[in-house]
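Peer 1: Quick one: this structure, given as C-alpha cells, is what I'll be asking you about.
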Amino acid sequence: MTIESCPGGRVGEDGITNPSNIRVLVVGVGIGGLAAAIECHRKGHSVILVDKIAQVDPLAGDGIGIGTNGARIIAKWGGGRVHDQILSHRCDTRKIEILNRQGESFGQHELKGYGRDHGYMLNRGQLVSILFDYAGTLGIDKRLGSPVTEYRETEMGAAVVLEGGEVIEADCVICSDGVHGAGRKFVTSLDPVSRESGWAMSRAYLRKEDLKPHRDRDVRILDGTDKQDRMMVWFDHGIQVSMWTVKHGEELVWIVTHKVSVDLSLLPPPTLGTKDARDTWTMEGSESMIEDTISQIHDWPSRNMIEPILRSTPPKRLLNQKIITREPLDRWVSPHGRMIIIGDAAHPYPPISGQGGSQAIEDAAVVAIALQLAGKDHVPLALRIAEKIRSVTSHYLMLQGHHMLKSTGSHPRATAIQTEASHLYELMFKPDWGVVAKNPSILAPPCPKWLFQHDSQAYVYAEFGKIAEAMADGREYVIANTPPSA
C-alpha cells in the first residue's frame, strides 16, 4: 500500500490533500488534540473537534518547550505562517546558565533543539491559542463547551455522546483528553496506575509589570533581555529552580522542583467522575503556597536573585503539581480499532523529559498519515499501525523518568527517554560541584539526535507498507526508530 494508491494521496495547495472521506472526531483542544485536528484536515479527512472547556485562555499554564522534532511538523502549517507566529512569542535565548545555591555561575551552555528554526519555548496557553486560531482558519468544526459523557464503538465506526444527549458519529475517534480522560478508560479498561516520586513542581507564568513592586530587588534575570531572553537554572541538593524570560523580558516563567510538602491525607477523596486529588493533584495557587515555595530556598545565599520573582507572582498564575510516574500502556487502540488515545492520555511523561508537547504532535501527525495511507476501508489498520510506530517512543520516554520505576515494557524508544531523564534527576538533585567545576557540560540539557532529529512523518511514509504487510502475514515487525541503547 503506497501513498499514490490511497484515496487522499494527491497533495494540493499548502500541503492539504484531496478529501479522503474519512470522518474523524477529535476529543481535546490541548496541543495533541489541536495538532491531530490540523494534521487530519491537511491529510484530507473531515474533522470535528470537541472539548468540555468553554474557551481557550492564552494566559493559561506556565511554559512549554517544543523541540525540533515537534516544530518541524508545525513549520509546514500555513506555509510557515504558524511557525513564524509562534516565534514572535518565544523565548529566544540560545544559552542556559547553570548556578549553585550561592549564585555562582558554572557557565552558559547551548540550548540545543529550541533555537530559531529548530524549536520554541513559550507560554503553554499562548501556544494552544495560536493552534486553536489556526484550526479556525482551516474551517475545522470546533465545538467548545461540549463534554463527552459516553464513548461507543462498533466494527463499522465510533461515536461519542455529548452532555445533553447529542450523538456524533465518525469513522474513528482520536482521544487527546488527558490521563484521566474517559477516552483512556474506554480504550484500555484500566484506571491510571501511578507511582509516587516524592517530588512536586511549583510553576508559574507572570508578566514584567507584575515585578514593579519589587524592582528595588536584584532581578538579575532581566539583565540584557531587551536584546535577548535569558534562562537561568539553580541546582542544589533536593531542589532545582528554573527561570526564563519570554518576548525579550516582557514575560517570565519559573519552575521550582522540590520535595512534596503537602500532606496528601488532607486532600479530599474524589467524587464520582473526578480524578483523585491524592493521586495526581494540581493545586491552584495561593499566597500561602507562594510563601511555602519561597521557604524552599530560605537559606540560599542567592535567594535575593529568585525571591522577587516568586513573590511577584499573581497567585492565580501559580500551580503546584505532584510529579508521578506511570507504567506504559500495552494498548492505545480500542478493541474494534476505531478509537486511539494520544498525548498524555497514552503517555504522560515526567516533566524533565521536556517532550510531552512534541510527542503529542508526533502522535497526531502519525495518526493522520496512517489514515491517509490506509484509506476509509482500513481505518482499524491505520490506527494499529500508528500505535505500533508511536508506542515505541512513548514507552522509552515514560520509563526514563525515575530510577524507581522498573518496567519491562516492550517499546524501547519510549523506554530510553525515561532512562535518560532519571540520570538527569540524579545530576540535578545530587550535584557534585567539584565534578561540575571540572566538567560543567554534564549539567547541560541533552539533545539526542535520535529524538530531536527524528522525522516522524517521513518515517510513516517509508515504513507504513512494510508494517501493513507484516501484520497481514502475521509476522512481527521490528520498529527501526529506536534509540541507540534500545
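Cβ from N, Cα, C; glycine included.
Feature annotation from Swiss-Prot assigns FAD binding site to Asp51, Gly65, Arg124, Asp344, Gly357. As annotated by Swiss-Prot, active site applies to Arg203.
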Peer 1: Once the DSSP letters are reduced so that anything not helix or strand counts as coil, what is Asp344 (FAD binding site)?
Peer 2: helix
Peer 1: Cβ-Cβ under 8 Å from Gly357 (FAD binding site), same chain, 6 or more residues apart: which ones?
Peer 2: Ile31, Gly32, Ile64, Gly65, Ile66, Gly70, Arg124, Leu127
Peer 1: Output the one of Arg124, Arg203 that, of all these recorded positions, has the highest number of other Cβ atoms within 10 Å of its Cβ.
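Peer 2: Highest number of other Cβ atoms within 10 Å: Arg203.
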Peer 1: Where does the residue listed as 'active site' sit in DSSP terms: helix, strand, or coil?
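Peer 2: The residue in question, the residue listed as 'active site', is strand (DSSP, three-state).
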Peer 1: Distance check, please: Cα of Asp51 (FAD binding site) against Cα of the residue listed as 'active site', rounded to an integer number of angstrom.
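Peer 2: Cα of Asp51 (FAD binding site) to Cα of the residue listed as 'active site' measures 25 Å after rounding.
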Peer 1: Which residues, sitting 6 or more apart from Asp344 (FAD binding site) on the same chain, put a CB under 8 Å from its CB?
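Peer 2: Residues satisfying the criterion: Gly30, Gly32, Ser176, Gly178, Val179, Gly356, Ala360.
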Peer 1: Largest pairwise Cα distance, Å, within the listed FAD binders Asp51, Gly65, Arg124, Asp344, Gly357?
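Peer 2: Among the residues the record ties to FAD, max Cα distance equals 23 Å.
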Peer 1: Specify the count of other C-beta atoms within 10 Å of the C-beta of Gly65 (FAD binding site).
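Peer 2: Counting Cβ neighbours of Gly65 (FAD binding site) within 10 Å gives 23.
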